[in-house]
Amino acid sequence: MVTVPIRRLGINGEGVGYVDRQVVFVDGALPGETVRARVTEIHPSYARAQLVRFLAPSPDRATPSCPVYDRCGGCQVQHLSYAGQLAAKKEIVREAVARYTGLADPPVRDCIGMDNPWAYRNKAQLQAVWRNGRLEVGLFEPGSHRLVPLADCPVTHPRVNEMIRVARQTLEELGIPPYDERTRTGVVRTLVARVGLATGEGQLTFVTRTDHLPRADALVKRLRERLPYVTSIMQNVNPRATPLIFGEVTRRLWGTERIEERLGPLRFWLSPRAFFQLNPEQTVKLYNVVREAAALTGTERVVDAYCGVGTIALWLAPYAREVRGMDVIPEAIDDARRNAKANGLTHVRFAVGRAEDLLPQWVREGFVPDVVVVDPPRTGLDEALLSTILTLRPPRLVYVSCNPATLAKNCKVLLDGGFRLQWIQPVDMFPHTSHVETVTLLKPVSSR
C-alpha cells in the first residue's frame, strides 16, 4: 500500500501522482486528492495502483450518472464534475505540449464545453449475445469478452437508445438468434443505430453473419410500427471472424439508404458505414475554431489533408477562393464529392491519395495553398507529410488533433523546423470521456 498525492489527470482519465519520484497511475483518482492505493504493476518508468480509499477527496468529485459507468469502458471521467473535466482537459493539453516542445507556458485556451454535456452521441454500435435465456446487447468490458448490457446510455441521444431497446426486444420476440463467436453460429452480430440530430431521422443497421436474415419482413413491419421516425432499415453482412464491425456488403431492408444530417447550413447524407462526427453540436464549434484559425477573406487557396468525407473542406469553402482535399480512402472521397455536389459547392475538389504526394504535385501545377488544414488519426502526422509541410511553409497551418501527445510531438518538429505556435484551442467533443480535441494554429517564423 502506498499514499499517493494526485497531481493531474492522465491522458486516459487516470489519476497521476508520484511516490519517491516514480510516476504512479491510479484509476478513479482525481487531481488534488490524496489516496491510499495498492500497487498492481511496476515498470521501469511508471507503476499502476488500485484505489483503496480517499485520505483527502476532491471537491470536484461527482456521482456518476450511469450505473455501469465503471464497467462498460465508454466513459472515463463521470466521477469528475463537468467544470473539473474542462479544466483537466486543458491541463492535459498544456502538460503534453510543454513536455514535448520545451515551451514553459504554451498558449492553451480554456476548453470549449457544452451547455448540456449529456445525450450528445448520435450513434451507437452494440454487440448482440445470448445470455441467461435472453438476447442482450451492449459493450464488452475493456480487456474481456464479458458483455455489459446497455439499455439507456446517458451520453447517447434518446432516440438512439430507444432504437437499440426496441430492436433488441423485436429480435428476441421473433426468435432471430444472435451470433455466437465460439461456435460461429447465429445471425445478428451488432446493432448500429444512428440519428440525424437536425432532422430527427433514424437509421437502424443489423450486422449479420449470414446473407439470410430470418423473418426480415416481420422485423421491418414491427420496427416501422414502433419507431415511426426511422426512415432507413439496413443489413450489413460480415461473415468473417474479425473484430471489425462492418463487412463489405450492405443492403436496404426498407426505406432510404441514407439519412440526412446537417451541420450549420451544410447537408449530409449518411449511409451505415459513412464516417460522421458523433457530436454534431460540438463539431460546429470545432469547425468554427478551424475557420477562425484559417482567417479566410475569400481569396485564399485551402488544402484539407486527411479530408475524410469532406466536412472541414465544405465548412471552409464558402469563405475561400478554392479548396482541395485528399484522403487515402476511396469511399471517403466518393462521399466527399457527393456532399460537395449536394451543397452546390463547385470550387471544391477532392482526390484520392497521400497528402505528401499530392501537395507537391499541386504546387508544381500552380496551386500554392495559403492555408493547410490537417486532421490526422491518433498516430499524428506522417513523417513524410511533416517534411512536406516544412518545405512548403504555408502561411497558416491549422492542426486538428484528437491526441495531445502526438500533437505535441509533431509541434516539436514543426517548431524546430521554423514554425511558431500561435495558440491551441481545446474542444470537448466527448464529455465524460478522457478524450479532448484541439485546434492549433502555427505560422512560419518569417510570416506576420
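Placement of Cβ uses the backbone N, Cα and C atoms for every residue, glycine included.
Owing to the predicted nature of the structure, the values given are computational and were not obtained by experimental measurement.
Residues or ranges marked as domain 'TRAM' in TrEMBL: 1-53. If you average pLDDT over the domain 'TRAM' (1-53) in this model, you get 96.
Counting only same-chain residues six or more apart in sequence, the Cβ atoms lying under 8 angstroms from the Cβ of Y306 (S-adenosyl-L-methionine binding site) belong to M326, D327, A355, V374, D375, P376, P377. Y306 (S-adenosyl-L-methionine binding site) falls outside any helix or strand according to DSSP and counts as coil. Positions annotated as S-adenosyl-L-methionine binding site by TrEMBL: Q277, Y306, D327, D375.
The active site, nucleophile annotation in TrEMBL covers C402. The Cβ of C402 (active site, nucleophile) lies under 8 Å from the Cβ of P377, R378, M429, H435, E437, each of these being in the same chain and 6 or more residues away along the sequence.
Residues or ranges marked as active site in TrEMBL: C402.
Excluding the listed site residues Q277, Y306, D327, D375, the same chain places D304, C307, G308, V309, T311, I312, P376, V400 with Cβ atoms within 8 Å of the centre of the S-adenosyl-L-methionine site Cβ atoms. There are 21 other CB atoms within 10 A of the CB of Q277 (S-adenosyl-L-methionine binding site), with all protein chains counted. Every protein chain considered, the tally of other Cβ atoms within 10 Å of the Cβ of D327 (S-adenosyl-L-methionine binding site) stands at 23. Per-class residue totals from DSSP over the domain 'TRAM' (1-53), listed helix then strand then coil: 0 helix, 35 strand, 18 coil.
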